[in-house]
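**Student:** TrEMBL feature annotations, pasted as is:
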- 7-26: transmembrane segment (TRANSMEM)
- 65-254: domain 'ABC transmembrane type-1' (DOMAIN)
- 69-90: transmembrane segment (TRANSMEM)
- 102-127: transmembrane segment (TRANSMEM)
- 133-150: transmembrane segment (TRANSMEM)
- 179-200: transmembrane segment (TRANSMEM)
- 233-253: transmembrane segment (TRANSMEM)
Amino acid sequence: MWRVLGYLALTAASIGVLVPFFWMAASSLKHNNEVFTIPVKWIPSPVVWHNYVEIFVKSDMITWIKNTLFLSVVITFLQVFTGSFAAYGFSKMRFRGRDVLFLAYIGTIAVPWQAYMIPQFIIFSKIHLTNTLWAMVALQAFGAFGVFLMKQFFDSVPHELSEAARVDGLSEYGIYRRIMLPLSVPAIASLSLLTFVNVWNDYLGPLIYLRSHSIWTIQLGLNSFISQYNADYALIMTGSVLSVLPIAIIFAFGQRYFVEGIATTGIKG
């Protein structure tokens, strides 16, 4: 009985989550004056496929996608590399002040970005890093969350494994590269997916740092369809579909590793 109720609750929740996405996809195939009609037209008639051509003609969508993809790939790579590298040191190496340093570093997660957003912008302005894509890389590529997630996974790997590798003459870099990284594929996949999605969907950071149209991301670009007196909602929905589609594909192929990585990061060895 309770299992049936649980399945019904999950089904209802799934429908509640998916309905807005279905409405968005349907609206992307309508004329602009049909998007907010009452009652809602769930099946567009006629189907306006031309919206997916018009959005590339009327905007710099290709440039926005390239910029967003560049930021997402570069930041994800740096976050995974630096996060896993630092996590290995905190998890498998012993040095004075290790635990204090780790707690201080992880404590930065509790500080909201809005609290130091202004002084950070002033610093970036003084070193002439604003209005460049590299400002976003410096802003997001070295966060503490990646270190925390990877350390939780590395802690689940028995210390005897690394000790045996040291006895066999393997350096710390060799242990990290040849033992820890191959074992941590699920955790790396989880961190990669979370970072990629976060960067791809980020709006506030690019809004503050990216002023030139040539370096806009897709989230900033979609906002340009809203003017002071009018908004092209059909093209906004079309752009939203194009924005969501890569994330949906990546998650569909990586969900097994994502679930496995999240499930194993809290297991102690």
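Quick reminder: no glycine exception, Cβ is built from N, Cα and C everywhere.
Keep in mind the model is a prediction, meaning the values are calculated, not measured.
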**Student:** Residue list, the transmembrane segment (7-26) vs rest of chain: Cβ under 8 Å, 6 or more residues beyond ends.
**Tutor:** 40-44, 237, 240-241, 244
**Student:** In the same chain, who gets a Cβ under 8 Å from the transmembrane segment (179-200) while lying at least 6 residues past its ends?
**Tutor:** 68, 71-73, 75-76, 79-80, 83-84, 88, 92, 136, 140, 145-146, 149-150, 152-154, 157, 161-162, 165, 170, 218, 243, 246-247, 250-251, 254, 257-258, 260-262, 264-265
